[in-house]
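Feature annotations, reproduced from Swiss-Prot:
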type     : residues : note
SIGNAL   : 1-23     : signal peptide
ACT_SITE : SER36    : active site, nucleophile
ACT_SITE : ASP326   : active site
ACT_SITE : HIS329   : active site
Amino acid sequence: MARMSLMIMMIMVAVTMINIAKSDPIAPCYFIFGDSLVDNGNNNQLQSLARANYFPYGIDFAAGPTGRFSNGLTTVDVIAQLLGFEDYITPYASARGQDILRGVNYASAAAGIRDETGRQLGGRIAFAGQVANHVNTVSQVVNILGDQNEASNYLSKCIYSIGLGSNDYLNNYFMPTFYSTGNQFSPESYADDLVARYTEQLRVLYTNGARKFALIGVGAIGCSPNELAQNSRDGRTCDERINSANRIFNSKLISIVDAFNQNTPDAKFTYINAYGIFQDIITNPARYGFRVTNAGCCGVGRNNGQITCLPGQAPCLNRNEYVFWDAFHPGEAANIVIGRRSFKREAASDAHPYDIQQLASL
């Protein structure tokens, strides 16, 4: 029954996407800032351990391995199709010409809000670097449209999705071997530092024409197979120390949304509760057709989480029954649920104050 319910849900999402794609998108463009949860190829040419351009990544994606840290779609792929785009948003590394008018994906695996986050993994493009790349894109949009006012009007209708912070915990604060932030900051003061840096970049985006912002909260990192493998005695109980810190950060994101909405009346900000949506999935897995919530479909060691999915490794066959694809990242089936609920909330707590569909219509 659970497998049947998941199949029905995926068919319904696919039909909805096809119907939407027949008309113009409800937003002219979609700009994406983030990390490996939404990277779709920007790290492929970097000297980095944080790359996913090899099999079995992309095993269920039509184009095969592209750099997505998933067996198939990411959440922003789902959202892009629900917005009405006929194709996925192009990564900055390969975006050229008129294609940028549809939007650009700047996300980079291992990236964080802090510049040093993820440095032990090699090359990555931190939030400030992603925003700098967008400023370059804006100048190209002005050239294409031929007028600054025309470009500003066009960009004001676009959706700007920002989902960073996970690596600032996973590959910084809770990694004392490489970073001192865990000793320098309390969870509260660290979240304050992240939010101050985050806010600075939002202001740069605003200055460069962004007016519709969707801030994606950090998920329950303490429930990932990697953290369960390292820190959970029974391999099932999430690491509350990490999840508690994530919730502190998320609560401050909500405060950012409220402050910007009050102080910048010509812009609209919303918070997407990825943490809450994900918690619902792992608390009620059968509702979504999942059977395994604590292990990766592809990985090595305890919970398939001690080493992430290796090149050429054979993944599980029942991928739609696993919440996680690898040691850190949800699989396509979970991404469809998260993307769908981000676009159109199913519970009041999924988004504050708007879901992405509502944001696009404002």
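Residue numbering: from 1, along the chain as shown.
Placement of Cβ uses the backbone N, Cα and C atoms for every residue, glycine included.
Swiss-Prot feature annotations superimposed on the structure.
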residue : record                   : Cβ neighbours (10 Å)
SER36   : active site, nucleophile : 28
ASP326  : active site              : 31
HIS329  : active site              : 26
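Between the CA atoms of HIS329 (active site) and the residue listed as 'active site, nucleophile' there is a gap of 8 Å.
When the Cα atoms are compared, SER36 (active site, nucleophile) and ASP326 (active site) turn out to be 12 Å apart.
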